[in-house]
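The following features are taken from Swiss-Prot:
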type: ACT_SITE; residues: Ser25; note: active site, schiff-base intermediate with substrate
type: ACT_SITE; residues: Tyr58; note: active site, proton donor
type: BINDING; residues: Thr57, Gly73, Ala74, Ala75; note: substrate binding site
type: MOD_RES; residues: Ser25; note: pyruvic acid (Ser)
Amino acid sequence: MILSMLKAKLHGATVTQCDLHYEGSVSIDQDLLDASGILPHEKVDIWNVTNGARIQTYALEAPRGSRTIGVNGAAARHFAVGDTVIIAAFCGVEAEKARQHAPTVVLLGEGNEIKRAS
């Protein structure tokens, strides 16, 4: 049996832009993608801590060092610049290995600076 387990999350991210007319996705600074292990075009969940909205989309690269978290397309109706969010990706893990699985957790601070990664 394969279990769906947390692969990685960006915790405490701040939305820096919303673009309703973009084709969709969430744009994430390449440094943050690298730190979390989330890949471009990978399916992610975004949970809006500010208002409770929860959506599923895919990640795109934003310029390295920009600290961008940009919610695009229809999802932009559920997010606003300044909202605090959690972005999570999941993976399939064989049940026998699930207890040994350890996700990557990246805690973000002001300006989407990395405070801690584990």
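Note: Cβ is positioned from N, Cα and C throughout, glycine not excepted.
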Tyr58 (active site, proton donor): which of the recorded positions Ser25, Gly73, Ala74, Ala75 is the nearest Cα neighbour?
Ser25
So what sits near Thr57 (substrate binding site) in its own chain, CB-to-CB under 8 Å and at least six residues off in sequence?
Gly24, Ser25, Val26, Lys43, Val44, Ile46, Asn72, Gly73, Ala75
Enumerate the residues of the same chain, Thr57, Gly73, Ala74, Ala75 excluded, that satisfy the criterion Cβ within 8 A of the mean position of the Cβ atoms of the recorded substrate site; list them in sequence order.
Gly24, Ser25, Val26, Ile55, Val71, Asn72, Ala76
Secondary structure at the residue listed as 'active site, schiff-base intermediate with substrate', reduced by DSSP to three states:
coil
Specify the secondary structure state of Thr57 (substrate binding site) as given by DSSP, simplified to three classes.
strand
Using DSSP with the three-state reduction, classify Ala75 (substrate binding site) as helix, strand or coil.
helix
Cβ-Cβ neighbours of Tyr58 (active site, proton donor) (radius 10 Å):
15
Maximal Cα-Cα distance (Å) across residues annotated as binding substrate, namely Thr57, Gly73, Ala74, Ala75:
10
Using a 10 Å radius around its CB, how many other CB atoms surround Gly73 (substrate binding site)?
17
